[in-house]
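Database features (TrEMBL):
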REPEAT    11-104  repeat 'Solcar'
REPEAT    114-200  repeat 'Solcar'
REPEAT    212-307  repeat 'Solcar'
TRANSMEM  290-311  transmembrane segment
Amino acid sequence: MVGYDPEAKCVSTLEAAAAGSAAGLVNRVCVSPLDVIKIRFQLQIEQLSSRNPLAKYHGILQAAQRILREEGLFAFWKGHVPAQFLSVGYGAVQFMVFESLTKLVHNITSYSARDSFVHFVCGGVAACTATVAVQPVDTLRTRFAAQGEPKIYHSLRHAVVTMYRTEGRWTFYRGLTPTIIAVFPYAGLQFSFYNIFQQFSEWMIPAEGKKAGNVKNLVCGSCAGIISKTLTYPFDLFKKRLQVGGFEQARAAFGQVRTYRGLLDCVRQIMREEGPGGFFKGLSPSLLKAAVSTGLIFFWYELFCSLLCTLKSTDITKKKRS
C-alpha cells in the first residue's frame, strides 16, 4: 500500500497525509528514548569507551541508567513536543509527496509505480521536501534533547525567542546541508528496500501465510531501516554536531565541546581528533532506533491506510443499501 497502486485506488493524497501524520505521532512516542541516547552519543567528543575516564557515556545500557539516575525518567522524552511536531509534519509531507510522485510517474512515464528505482527517487525527493519543511523543528528538538541541567531553554516558546534573538533566523536551519545530502539516499533506500523486501516476501510466503501482513510490514520496514541507516549514518552525525553550534554552554556538563565553521570543517575536525570511528559514534542505538522506527512507521502507515480503506468501503456499502 506504500506508493501508488493503480489497481487498489484506495487512499487519496490527503488520506496518505493523515495516515503519515498518525504513524509519525505514534512512532515518536515509542522511539524517543533511543533518539535521546543516540543524540547524546553523537554529540560526545570523547571516545565512547569505558576505558576513557572522561567519557560520560560509553554504552546504551550505561547511558540509559545514567540519564535515568541524573535526570529522571522524563529525560528520555526531552524535546518531545517539538519532536512530535517534527514527526507529525514530516510524516504528513513525506507520504503525501511520495504517493503523489509515484502516481505522477505512473501516469506520465513508462515506469511502473511499483518499481524499486521509482520508489528510491520518489522517496528521496519526498524526504527532502519534508526535511526542508520541518528543519526548524528538528533543530529545536536536537537542542532540547542535548541540553543538560540547569536547562538553557525552559519551554518551546522560550527556545524559539532566545534562538531568534541571539543567533538569528538562519540558526533554525543549522545542519540543513548534510541533512539534505543524507536524507535523499537514506529515505530513497528506505522506500526502495521496503519495496524489494515486500516483493521478496510475496514470492517466498505462500498465500495462506499472508494473513500476517502487519508482521511482514514490520519486518520489511526494520530491515530497510537498518540497511539505509548504516549506509548514510555519518551525515546524521554531522547534522547533529552542526545543529548545536552556539549552544556550548548547555553542553559543558557532558564533556568537551567544539565549534565548527561548516560541514567540511566538521568533517576535518572529527577525522583529526576522533578518527574514522568518530563518524559512527552512536551507530548502535541509531541502528536499533532505525530498525524499530522504520519498521513501526511503515507498520502504522499501512495499518492506518487499511483502516481508512475499510471505513470508505463500509460507507460505500451503507450508501448502496440505503
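Quick reminder: no glycine exception, Cβ is built from N, Cα and C everywhere.
Just so it is clear, the model here is predicted, and its values are computed rather than measured.
As a summary of secondary structure, the repeat 'Solcar' (114-200) carries 73 helix, 0 strand, 14 coil according to DSSP. This prediction places the mean pLDDT of the repeat 'Solcar' (11-104) at 86.
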